[in-house]
Amino acid sequence: MVTIRADEISNIIRERIEQYNREVTIVNTGTVLQVGDGIARIYGLDEVMAGELVEFEEGTIGIALNLESNNVGVVLMGDGLMIQEGSSVKATGKIAQIPVSEAYLGRVINALANPIDGRGKISASESRLIESPAPGIISRRSVYEPLQTGLIAIDSMIPIGRGQRELIIGDRQTGKTAVATDTILNQQGQNVICVYVAIGQKASSVAQVVTSLQERGAMEYTIVVAETADAPAALQYLAPYTGAALAEYFMYREQHTLIIYDDLSKQAQAYRQMSLLLRRPPGREAYPGDVFYLHSRLLERAAKLSSQLGEGSMTALPIVETQSGDVSAYIPTNVISITDGQIFLSADLFNAGIRPAINVGISVSRVGSAAQIKAMKQVAGKLKLELAQFAELEAFAQFSSDLDKATQNQLARGQRLRELLKQSQSAPLTVEEQVMTIYTGTNGYLDGLEIGQVRKFLVQLRTYLKTNKPQFQEIISSTKTLTPEAESVLKEGIQEQLERFLLQ
């Protein structure tokens, strides 16, 4: 028979008592009252913060947006099909944040910064809040460096600077996304990180943009944030802020970034859907009262940082879609008043074969020539003036048959200048090529050519100057000025190419 030793038993009990560790955690919980349409009403969650993340029993995450006296309105960041009435919800104590790192370059992610391109996880050691405060007045400096888009019409007459916010506005199918993607392609070798945010787009359109960027080697310096049309409204609403957080990460590390929001009309619609389902009072066009704040707090995050903060920059190109050219609708007027200028794309010009279909008359950049190199300023002033005069004359000439020679010449010059602004998609031009093209047009070298020959001649001229007069490009890129020497080289090249072209 086994003898029971009391001292052994007391030792074991003592050890167990010493090892016992009583941990008490306080969790803020609640109960689901109602769920549907991407919204859940929760009873409880007494100490939840506005914008705090909450976790449902089956793993779905939501954001507490409405804090009412007897319940909390939560928007779901998932379909929420498994959430049941009466199930428990716990507050996480966190505000929405995403991991950030260099490893995101070249990847396609969703609004929660999870990869959706099937190329595995992305490792990141740091994280940033999705909603961060914008830099203050002291943290900024005025915009002074150009951000070249590669499109002559924009870089010469509506210049964009690093740290500027320039709205791209127009009807559907007028080439808004094409202007934005061409700008991304033109940043190759410019040391600019690009972020393209697709909000509520068709998955096929996003795939097309990604393929186009991959084929031209632009994905190396680009991050694509995509929430397609079938995504929950909460994720479509968050996507632009996720893109801004990623761009900010690079901006505060003394780098230049470009962010494109395609498009903010769809984000406003997603936010309107969420607000109406949360029973917030509707305002103009049924948008909630704070839809201006929705966009202003996003676009104010674009900045040119001061020298103390490393002179990084974030340039924003928000896109807004208009309905049959109505620029005075609610969202377009809001975003126009927040941004530093707008590029207006016209369906009529697009259908008339003028592409990019930029209406130069009502497009404007409020930064202006501060964001241009000296060489471009030297040639662009004359171009702007001549095109404005041409637009007036053209309207007048429709009513008059017998025009004097000077007017006919001015009309002919204007038509050739308009031809010179046309560009194929995905064919951005360097600033040297643009200066040379504008100089050729404004100094009358194209006047002797048929309108149909202008683009062919300009393509040949660019090739000719690149191979036979490389010093022109060297002078412009080193001095940023159209020096008398560069001008004489250019004149010589144009004359030689004109003679060759007319002999063909």
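Even glycines carry a Cβ here, placed using N, Cα and C.
Copied from Swiss-Prot, the annotated features are:
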- GLY170, ASP171, ARG172, GLN173, THR174, GLY175, LYS176, THR177: ATP binding site (BINDING)
- THR257: phosphothreonine (MOD_RES)
- SER363: site 'Required for activity' (SITE)
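Under DSSP, LYS176 (ATP binding site) is assigned to a helix (H, G or I) in the three-state scheme. A coil conformation is recorded for SER363 (site 'Required for activity') in the three-state DSSP classification, outside any helix or strand. Spacing of THR174 (ATP binding site) relative to THR257 (phosphothreonine) is 25 Å (Cα to Cα, whole number). Taking CA atoms as the reference points, ARG172 (ATP binding site) and SER363 (site 'Required for activity') are 17 Å apart.
On the backbone, the CA of THR177 (ATP binding site) and the CA of SER363 (site 'Required for activity') stand 17 Å apart. In this structure, the CA atom of GLY170 (ATP binding site) is 24 Å away from the CA atom of the residue listed as 'phosphothreonine'. For the binding-site residues shown (ARG172, LYS176), fewest C-beta neighbours within 10 angstroms: ARG172. For the recorded ATP site, residues GLY170, ASP171, ARG172, GLN173, THR174, GLY175, LYS176, THR177 set the reference point as the centre of their Cβ atoms, and the other residues of that chain within 8 Å of it by Cβ are GLU321, LEU345, ALA347, PHE350, ALA357. There are 27 other CB atoms within 10 A of the CB of GLY170 (ATP binding site), with all protein chains counted.
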